[in-house]
Amino acid sequence: MKLTKISEAKLPTSFGEFLMIVFEESKTDKNHIALVYGDIKDTNNSVLSRIHSECLTGDALFSIRCDCGFQLKSALMEIVKEGSGILIYHRQEGRNIGLSNKIRAYALQDIGLDTVEANHHLGFSADERDFSVCIDIFNTLNIKKIKLLTNNPSKVTVLNNAGIQITERISLIVGRNAKNSKYLNTKAHKMGHFLPIEY
């Protein structure tokens, strides 16, 4: 087990009331969050699930150069609409290169590099994330079957390989605009994300 459950409390939001569970990752001391809505204890049902990687600029500062904030809001709304589900807030900012390096990558994108080229220029792979803590959270909460809100094929592969049964992948295509269209096209072209390519 790579993480420990630390605390939990009710979290009223503008979408509905969630149970917020905080976990601490032993390797990094980072706190990861599970937002649980409704009853997810019936192991016969597939739980509507979203792994949302931390994006301070999109989630909290309303940046439109990515689709993260739009996806966070949409995922919470879909979970409430479903009647139950879970959103794991995965504390690996900037595909796990950290906030400072993400802003460095933004500066490189401002002069013409795409999101993958910028990461490589800084010495990182296109995606540095490790989803093992998310798998631990699913296992801790005894979630074995899920309907996954994602456009990312890597998440599907990692979870399937870990024994989490994905009964359905649900696209989350929201928030495209003139400021992030190139970024989204790059994720489709170079990272294989299930996204429409638009110019």
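Quick reminder: no glycine exception, Cβ is built from N, Cα and C everywhere.
Source: prediction; values computed, not measured.
The active site, proton acceptor annotation in Swiss-Prot covers ASP127 and rests on sequence analysis. Around the Cβ of ASP127 (active site, proton acceptor), 18 further Cβ atoms fall within 10 Å across all displayed protein chains.
The active site, nucleophile annotation in Swiss-Prot covers ARG129. Long-range neighbours of ARG129 (active site, nucleophile) (same chain, six or more residues apart, CB within less than 8 Å of its CB): SER53, HIS90, GLN92, ARG95, ASN96. According to its DSSP assignment, ARG129 (active site, nucleophile) is coil.
Under the DSSP three-state reduction, ARG50 (GTP binding site) is assigned to strand. Residues annotated as GTP binding site in Swiss-Prot: ARG50, ILE51, HIS52, SER53, GLU54, GLN71, GLU93, GLY94, ARG95, THR115, THR150, LYS155.
Under DSSP, CYS68 (Zn(2+) binding site) is assigned to a helix (H, G or I) in the three-state scheme. Non-local neighbourhood of CYS68 (Zn(2+) binding site): HIS52, SER53, CYS55, THR57, GLY58, ASP59, each in the same chain, at least six residues away, with C-beta under 8 Å from its C-beta. If you look up Swiss-Prot, you'll see CYS55, CYS66, CYS68 marked as Zn(2+) binding site, on the strength of sequence analysis.
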Protein Cβ atoms within 10 Å of ARG95 (GTP binding site), excluding its own: 21
Most crowded position, judged by CB atoms within 10 A, among ARG50, HIS52 as binding-site residues: ARG50
In the chain carrying CYS66 (Zn(2+) binding site), residues 6 or more apart in sequence that have Cβ under 8 angstroms from it: CYS55, THR57, GLY58, ASN180, TYR183
For THR150 (GTP binding site), nearby residues of its own chain (Cβ under 8 Å, 6 or more apart in sequence): ARG50, ILE51, VAL156, ARG169, ILE170, SER171, LEU172
GTP site span - longest C-alpha distance across ARG50, ILE51, HIS52, SER53, GLU54, GLN71, GLU93, GLY94, ARG95, THR115, THR150, LYS155, in Å: 23
